[in-house]
Amino acid sequence: MYLIYILVKHTNVTATTTLLQYLRRYAHLKGTKYMCLEGGCGACIVSVTTKHPITKRTVTFAVNSCLVSILSCEDWHIHTVDGIGNRKIGYHPIQKVLADFNGTQCGFCSPGMVMNMYALSESNSDLTMKQVENSFGGNMCRCTGYRPILTAFKSLAKDATTEILGKYPDIEDLSECGKRDCQKICSSACRKQFTLDLCSKLADAKWFKVFSINEIFDVLRKISYNTYQLVAGNTARGVYRDFNGNPDIYIDITNVTSLLNDEVTAGGLVIGANKTLTDTIDVFRRKATVDRLAYLNKLADHIELVAHVPVRNIGTLAGNLTIKHKRNEFPSDIFLILETVGARVTIVNSRKEEEEMDLLHYLTFNMEMKVMKNIILPKLDDSFKYGSYKIMQRTQNAYAMVNAGILLKLDCNHTVQSARIVYGGINPSFHHATKAEQYLIGKQIFDDGTLQGAFQALDEDIHPDNVLPDPSPKFRKTLAISLFYKFVLSIAPNDKVSPRNKSGGSLLSRPISTGVQDFQTNESLYPLTQAIPKLEALGQTSGEVEYITDLPDSHDQLYACFVTTKAPANSLVTNIDPSEALKQPGVVSFYSAKDIPGLNTFFPPNANVPLGFIPPQMQIVPEELFCSGVVKYYFQPLGMIVANTQELAEMAADMVKAEYSPGENPFLSIRQILAAGANDRIHEEASLEASRKGEDIKHVVKGTFDTTWQYHYHMETQICAVVPKEDSLDIYPGTQWMDFVQVAVASVLKISENYINIIVKRVGGAYGAKITRCAQTACAAALAAHKLQKPVKMQMSFSMNMDVVGKRFPSAADYEVGLNDKGEIQYLNHTLYLDYATGGNESMISHSIGIFVSSYMHDTWNVAGNYTQTDNHAGTMTRAPGNTKIMAMIETIMEHVAMELNIPPLEIRLANMDPNQNKPILQSINECRQWCDYDNRLRNVEEFNKNNRWRKKGLSLVPMTYLLRYIGSLNSRVVIYAGDGTVAVSHGGIEIGQGINTKVAQVCAYALGISLDMVSVKASSNFVSPNNFTTGASITSEKVCYATLRACETLLERMKPVKDRMDNPSWKELVKECQNQYIELAASHMYNPYDPVQTYDIYSVCATEIEVDILTGIHQVVRVDLLEDTGNSMSPFVDIGQVEGAFIMGLGFWTIEKPVFDNEGRILTDRTWNYKIPGALDIPIDFRVKFPKNNPNPNGVLHSKATAEPPLCLSCSVPIAIRQAVASARKEADANALKWYPINGPSDVENTILNSLNDYTQYTL
């Protein structure tokens, strides 16, 4: 018996210490990042090389280091991004290719991307582009839109083509070792690796590693315990954080070989229950060639939809089934497919007795002191027809809203001999549609009468529960029935099904994605206009660049966590009791509103907001740092805990008790305010009035428009580090606005602003969330550091960030349009609302209302712009914050009236444009129309829809005239060093991933006439750039580039007299002589609105083609043609990245992302488990971006135009195209129904299927 009794020598390592914590805290390897700590974002991925417990071959695979206990890593060689390549040892080809293809922006996700690809390449020397593209479902990126990342990594595949931007070095060249099967780990590939001496007892529990089933029971018999956990992948914590609580003992069973074996017997396939899902897929693929096991291929297809590659690499069959066993509501795909085929499990007890049972029995079976040994899958001949489905919020890495498995045994006449119909996602106790199963026996399946009877039986069988944040019961029931219909269509012979219905039997198939980037450069201006990767790209792909979370901790470092209110808005806090938290060893203090020496607001009344930032009729609204009595919104910060570790601070924060007395019921939505007539919560901010009203009114169209919140999803959550010094408070905030943080902290602490130093090198994503909201974290961390005179770091967890911080403003609108027969608008009355909620300091309507009218004749239009005040967290700036929704309002109105009048949407748009007033956008429309072959494709879409009942397409074309206006001031300081002539720049902008430092360096090098490698961009600080405005609104790069240009011109003017006296000096010679002549080689310029840079408009057009599966509500973005007006792009790669990333963020807003709140205002979707952004396979299959050529901007900086936000507005073309596709289905479902249905939140799967008007009486062969 080999029983290892484990004790870790590091006394501060516990059974719950993760590999991530060990890497960062003890090994001090900061290249590996983190965000969600639940395996949902991919930032923490590392590569593991070890010996397979069965084959004994060396294997390499990716894991989420945040899920893996450090004690599970025995005999693992851990490869991190720090070690596979860096500037000292040279960069790995994977790191290089991601940088070269411009696959980084903020860079926070890049190490995880690199390590996922590294593990993939090390494990497979024969990679295809398809395999690469399908392997990044667990890696989230908000910045890039994924296209350049996928292109970079696909270029390494064996079948890479020139269409994928050429082929990088062959994949064989990526290996550090030519011997793929060698049993040694090459030192050059594993410079960062470690092993543990594993002993017996831990501080909080005991850990055992066993090698047989007998040893499992030996441990349980001999060791005293109350609770225990069998440990394999430990991925359940990604679903349920408290899944196993804190057991007394942990038993690592990953090397128990009897739980890993597989064999084919006369009865079927017997597979070890502890097989990882990845190994299971491999076994199923191989064994599918065995007689009567062909269906295993379909099971493998379904398992590939479970979680993502790193989770499948360590998550096991038994582990997944155990989650289902303990939490019956869990929509387990493994349970579903195994139950569908009639699999059975073998359970072993402590007396070595084995019991075989079906999975339904297993769900209620007492598993105490028992182990699942194996799973037995039966052999099924060709008379069995199997199919399974998983309908998710996005294409990969999401739980099933509804999943279904169906197995029918048919005789030669298609008569049903047996039926198994299994569903998940209905309710915790529902598994089999028993009435439908019984009904089908003895009936011919390919008969419309039989189908209608089956649908009726399913209707009686299926009773979904109503539990938020799950989708509605109506949707889940409709979907469940349609999945059975889809299955029947999929197995029906061609002569049994209508050609128009046949395509409904298949799921949407996604080919390998492609992209086109069409732009122009000017070599005479290089490095300006040159397409180059970001300056920081290699540092980001190697993990070398430093973010705030990577700053080294001091020996006395402390950490802070907010304590939040757990009560609805308007409740009164009557008591706060932190005593239980303060008893915990390592907890230092608790602070609340009464401990604030200055003002209790993180939005100070003396904030340096430029003229126009807040409309004249509005005033700064105090926003409390800590709740002082009346709760403003659910999860409002009530105080904070300070402790020795972040984990302890978070745990102790949950121990703080608060008591409340109830107040008035909160208002939680715009429509709720309107319905109640709560006019005191509605305020007009801006309006546009018609100068006339048309008289040729033949049609009147009325409608509504509603959108919800969108979370920013910056990979680096809100964070701030504060270090007290002898004469200062050094603050390292994750901010877009240094000056705001400085003023806010000074106000809260009641200290002078010159006592505060702000330093920001970079921020790991922001999108507007770190303009003012960051001050809440900064003020809290500064308060603790100031009071304790110790360094304090405060980083919000993903859930805390979602709970506390506001999001994209919700909106609502009501409109009425009068038109003539040509579709010319005779009058338009439009009332819009944005919800500022408990905020109001980031007003947007007055800045954005112009985009509603900017592309059209509008002298007959009345537009009223109002803001509302619900009892939610403050609505806050989010990339293109007002323009996104307000532009979508007018474009959906155009689509709505087009459907009502039965006139093509583009004709409606053109009918309402003036040939002179709207000439630039008309030119852009014509260019896009020809470039994307719009007219021919539109005819093809119409033909497709005629030929298909259950698959529909839509093709939208949306114009945009984006009004870009400058506001605020920004500095740039340029310094030339006399020793070698190199140049450094520091500016008031913040590098948040938008490439500002790269553009600044290009402009500086161009202006001074030197090479780009001579320019370095330093961290931003409030000393070099005091009183500067925020980074945002797409104008920062231009303003800073302009300031840099002017500073360079000042330097050149100073240097000119010296140069004129010299004989054609080199740059270094000139600089040295200037130094000798005491010429000041440093200059600054502050951009301000009085500089001769004029505002301008951006004219862009986007055509988007969508295909919708009407039976599931799933859609694919088939193709996007985006013509983006960039003027003369200063840095085309950077601008392409901004365009693509913005569009995909908008795609998420319009089709996937849906925060759900309960009736008290508590957000229920505050985890990566239930809040999804687009993934790698949700982007357009064919994504084409074009910058118009010979298109200089006469008004902007160096003839360029902004790119960060405008393209996001064009993403409304996606829900519009979905409505065009669904309109065809609605017309066929009910000839009397309106073709149009309003925007009401994201056009997600649920919204689409419910608005398709599906009814099972329509489901025929």
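Using N, Cα and C of the backbone, Cβ positions are placed for all residues, glycine too.
Copied over from TrEMBL, here are the features:
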- 2-84: domain '2Fe-2S ferredoxin-type' (DOMAIN)
- C106, C109, C141, C143: [2Fe-2S] cluster 2 binding site (BINDING)
- 200-382: domain 'FAD-binding PCMH-type' (DOMAIN)
- K390: FAD binding site (BINDING)
- Q736, R879, A1033: Mo-molybdopterin binding site (BINDING)
- E1205: active site, proton acceptor (ACT_SITE)
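Between the alpha carbons (Cα) of K390 (FAD binding site) and Q736 (Mo-molybdopterin binding site) lies a span of roughly 40 Å. The helix, strand and coil residue counts that DSSP assigns across the domain '2Fe-2S ferredoxin-type' (2-84) are 16 helix, 23 strand, 44 coil. C109 ([2Fe-2S] cluster 2 binding site) and R879 (Mo-molybdopterin binding site) are 19 Å apart (CA-CA, integer value). The Cα atom of C106 ([2Fe-2S] cluster 2 binding site) lies nearest to that of Q736, taking the recorded positions Q736, A1033, E1205 as the candidates. Neighbours of the [2Fe-2S] cluster 2 site: apart from C106, C109, C141, C143, residues of the same chain with C-beta atoms within 8 angstroms of the site's C-beta centroid are T104, Q105, G107, F108, S110, M140, R142, T144, M715, G764, G765, G993, G1141.
K390 (FAD binding site) has a Cβ environment of 24 other Cβ atoms inside 10 Å. In sequence order, A766, Y767, G768, I771, M877, P881, T1030, T1031, G1032, S1034, T1036, A1204, E1205 are the residues of the same chain, not among Q736, R879, A1033, whose CB sits within 8 A of the CB centroid for the Mo-molybdopterin site.
Ranking the recorded positions Q736, A1033, E1205 by Cα distance from C141 ([2Fe-2S] cluster 2 binding site) puts E1205 first. Listed in sequence order, the binding-site residues near the residue listed as 'active site, proton acceptor' (C-alpha within 10 Å of its C-alpha) are A1033, out of C109, C143, Q736, A1033. In sequence order, K33, C41, G42, A43, N139, M140, C141, C143, M715 constitute the residues six or more apart from C109 ([2Fe-2S] cluster 2 binding site) in its chain with CB-CB distances below 8 Å. Every protein chain considered, the tally of other Cβ atoms within 10 Å of the Cβ of C141 ([2Fe-2S] cluster 2 binding site) stands at 31. Counted over every protein chain shown, other Cβ atoms within 10 Å are most numerous around C143 among the binding-site residues C106, C143, A1033. Counting only same-chain residues at least 6 apart in sequence, those with a Cβ under 8 Å from the Cβ of Q736 (Mo-molybdopterin binding site) are V763, A766, G768, K770, I771, C774, I990, I992, T1030, T1031, G1032.
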